[in-house]
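Copied over from TrEMBL:
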{"type": "DOMAIN", "residues": "23-147", "note": "domain 'VOC'"}
{"type": "BINDING", "residues": "Glu77, His95, Glu143", "note": "Zn(2+) binding site"}
{"type": "ACT_SITE", "residues": "Glu143", "note": "active site, proton donor/acceptor"}
{"type": "DOMAIN", "residues": "153-282", "note": "domain 'VOC'"}
Amino acid sequence: MADVAPVVLNDEILEWPKNDKRRFLHVVYRVGDLDRSIKFYTEAFGMTLLRKKDVPKDKYSSAVLGFGQEESTFVVELIHNYGVENYDIGTGFGHFGISTTDIYQLVETIRAKGGKITQEAGAAEGTTAVVAFVQDLDGYEFELFQRDATPEPLCQVMFHVVDLDRSIEFYEKALGMNHIVTIDRPEEKDTIAMLGYGDDPNQIAILELIYNYDVTEYTKGNAYSHIAISTDDVYKSAEVVKLVTLELGGKIIRQPGPFPGTNTKFTAFEDPEGWKTVLIDNQDFLKGLEE
């Protein structure tokens with residue numbers, strides 16, 4: 001059998017993600033009762049309902065909530081499929097993160113509104129950082145952080161990977177993320193890596209990847225969907241992703257172009273471990289909010 005030629009990457013096109021105008025737009029996941037979740041997210045977490053829609057043709061409804069406006073802050077988009085009351089979160093998805101200036105009060109509010117407290121607020125082991133872990137009414141876990149006011153209170157999405165080095169390289173090359181830090185925690189038998197569009201994890205929304213020692217497989221379930229990220233050129237961005245997938249794995253699952261029924265251009269892909277990202281045209285996204 002002939003040797004397979006190595007993938008030759010185009011250095012010029014690979015520079016594009018670093019020069020592109022990118023930020024985390026929203027994270028999308030499914031809930032069993034949309035109105036119940038809206039009530040919990042507004043009353044327990046303190047988010048604002050930004051928009052809501054019902055799409056009978058496709059048998060789903062959705063709601064966007066956040067701590068600020070979509071034009072400038074990272075938000076959540078909750079999806080409810082008609083007739084589905086429960087979803088499988090799987091073993092691969094980890095948690096979301098929320099930054100707050102009063103973690104103790106937030107924990108009490110979440111408790112009073114029916115949320116589950118899985119770890120009371122207190123100093124994280126070996127640090128002075130004050131954190132807590134809670135669950136919403138669908139079982140999604142949130143890590144709460146005691147911090148000064150920040151432009152991105154919805155500050156983290158974390159999921160598990162089995163090849164941390166490859167995943168870091170993928171998100172750096174395919175999405176232009178900055179590898180902020182890697183922390184090995186032998187006492188926890190894991191290693192975490194933080195990536196995002198900036199250098200200060202206390203001021204930006206970050207993607208946190210976690211590798212658990214000796215774990216070689218996770219389940220994805222059907223609850224968590226994807227992160228959406230902005231780009232000034234969907235087509236050029238998709239070309240970068242295509243090149244990187246040839247080197248590291250992953251695949252384009254939606255070729256770049258307008259979303260059916262709208263003029264919003266986007267592309268979608270999976271990383272080497274199957275986690276999904278959607279890249280959305282900046283101007284189309286902002287124009288869609290105005291409409």
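Glycine too: its Cβ is placed from the backbone N, Cα and C atoms.
Long-range Cβ proximity for Glu143 (Zn(2+) binding site), meaning a same-chain Cβ under 8 A and a gap of 6 or more residues, is found for His95, Phe96, Gly97, Ile98, Val131, Ala132, Phe133, Gln156, Met158. Counting residues per DSSP class in helix, strand and coil order gives 28 helix, 57 strand, 45 coil for the domain 'VOC' (153-282). Using a 10 Å radius centred on the Cβ of Glu77 (Zn(2+) binding site) and all shown protein chains, the other Cβ atoms total 20. All protein chains considered, the CB of His95 (Zn(2+) binding site) has 20 other CB atoms within 10 Å. DSSP states for the domain 'VOC' (23-147), grouped as helix (H, G, I), strand (E, B) and coil, give 23 helix, 57 strand, 45 coil.
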